[in-house]
Amino acid sequence: MQSQLLINGQLVTGQGALLPVYNPATGEVVVQVAEASAEQVDQAVLAADAAFEHWGQTTPKERAEHLLKLADLIDSHAETFARLESINCGKPYHCVLNDELPGVADVFRFFAGASRCLSGLAAGEYLAGHTSMIRRDPLGVVASIAPWNYPLMMAAWKLAPALAAGNCVVLKPSEQTPLTTFKLAELAAGLFPPGVLNVLFGRGASVGDRLTGHNKVRMVSLTGSIATGEHIIGHTASGIKRTHMELGGKAPVLVFDDADLQQVVEGIRSFGFYNAGQDCTAACRIYAQKGIYPQLVKALGEAIGSLKIGPPIDASSELGPLITAQHLERVVGFVERAKALPHVQVVTGGERVNGPGYYFQPTLLAGARQEDEIVQREVFGPVVTVTPFDDEAQVLAWANESDYGLASSLWTRDVGRAHRLSARLQYGCTWVNTHFMLVSEMPHGGQKLSGYGKDMSMYGLEDYTAIRHVMFKH
């Protein structure tokens, strides 16, 4: 099993402390991996900085060819990636292979094409005897920090636009889920020029802080928690680095009386519980208009109760475990505090699963109120709440009354209502009569405490560039 770092084109063993990497389905240690030392962090950044002198001057066509080759390698090693992600994250193998891996390769292919379409603007003459033009140029070294819930996909979301724009990258996966990133490093080592892509491993305090604070790093891109985002913004403030933050979420799902009940139930069953609910866009905060509320709660309870929890290798498993024992206890705490409220009804689930691994039952809590902790805070587990509402004005206010602003959805047959509300929901993405759907061509990113900056799309590519004005006198 590949567990080495990638520094300046070479796979090397970390020189820091040994850290265990667990299989959350069993609680067993899969492998022990050595962190990068402080010297290795510096080596990776300096290698990226040196490589930028050449990589930043390559043509979009050259960069696109590298990204397309990497996409092909991901496709040809898809089963290996899926197996590693399943072991390390506890996800059902078939979900990773069929749902995630095609999207990972597609992101690299999209940005390969997008890089060839990125251009500045020839602006014209705004001062007599002078011609101005606008350039979009790469920034330099980008430090990318990926999360544990989608380690390979988030690595792709960060690497593809940064490399396509002409930057060099030092990527640090979560210390809990590095295995697919190590495999990606192995493939990239023989593909990219030395230093263009570097992969480190370690904890935030020992590796992440040194990486993000390095004076040669021009931009830091994070997908992670709000607390981690706050820390990195503060830690990098003295260096005035550009930051790109995709942080937490608590997606409101607005269900009106005229919604298609079956579509809503099927959508929440899928989109509220994918990856055991460990997703910033999970359909977890349901608001149901009072006319449809009783039927929705009943139908949802039956649908969610039918979800199959099981070993990741089992083709019939729909939910795997939570990522760590600590995170399981966090989810248990949220649910226990909610269950203690007299107005909250446990429709289904609500308990941990006995046995090995960090499993929690898919859970539906009805009658939760707007002010309840379970409604206001991100649980990041297989837990969905349903709250009844009266009318558009009330539910719009409740949906926007949140510190989060990443994703939302509304379910109605009324086109006018859909347009009215989608224009006023304070979220980076709003789906109508669906949820969770992402494509490489469209941007993904948040507002408020959910962060700023966009992943995917041409907007994502532009985020990794500097706008420059060049003026000619003639």
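Placement of Cβ uses the backbone N, Cα and C atoms for every residue, glycine included.
Cβ neighbours within 10 Å of Glu246 (active site), excluding its own Cβ and spanning all shown chains: 26. Glu246 (active site) falls within a strand segment according to DSSP. Per Swiss-Prot, active site is recorded for Glu246.
With a cut-off of 8 Å between CB atoms and residues at least 6 apart in sequence, the same chain places Asn149, Glu246, Leu247, Gly248, Gly249, Glu378, Leu406, Ala407, Ser450 near Cys280 (active site, nucleophile), listed in sequence order. Positions annotated as active site, nucleophile by Swiss-Prot, on the basis of sequence analysis: Cys280.
The Cβ of Glu175 (NAD(+) binding site) lies under 8 Å from the Cβ of Leu19, Val21, Glu35, Phe201, Gly202, Arg203, each of these being in the same chain and 6 or more residues away along the sequence. According to Swiss-Prot, the NAD(+) binding site annotation covers Ala146, Pro147, Trp148, Lys172, Pro173, Ser174, Glu175, Asp209, Ser225, Ile226, Ala227, Thr228, Cys280.
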Query = What kind of secondary structure is Ala227 (NAD(+) binding site) part of, going by DSSP in three states?
reply = helix
Request  = Count the other Cβ atoms sitting within 10 Å of the Cβ of Ala227 (NAD(+) binding site), across every protein chain shown.
outcome  = 10
Ask   = Which residues in the same chain, at least 6 apart in sequence, have a Cβ under 8 Å from the Cβ of Ala146 (NAD(+) binding site)?
value = Met154, Ala155, Lys158, Leu171, Lys172, Pro173, Ser174, Thr181, Thr223
Note = Of all C-alpha pairs drawn from the NAD(+)-binding set Ala146, Pro147, Trp148, Lys172, Pro173, Ser174, Glu175, Asp209, Ser225, Ile226, Ala227, Thr228, Cys280, the farthest apart lie at a distance in Å of 24
Request  = Can you check which residues sit near Trp148 (NAD(+) binding site), meaning Cβ under 8 Å from its Cβ, same chain, 6 or more apart in sequence, and list them in order?
outcome  = Cys89, Ser174, Gln176, Thr177, Ile323
Request  = Measure from the Cβ of Pro173 (NAD(+) binding site) and count the other Cβ atoms within 10 Å, all protein chains considered.
outcome  = 27
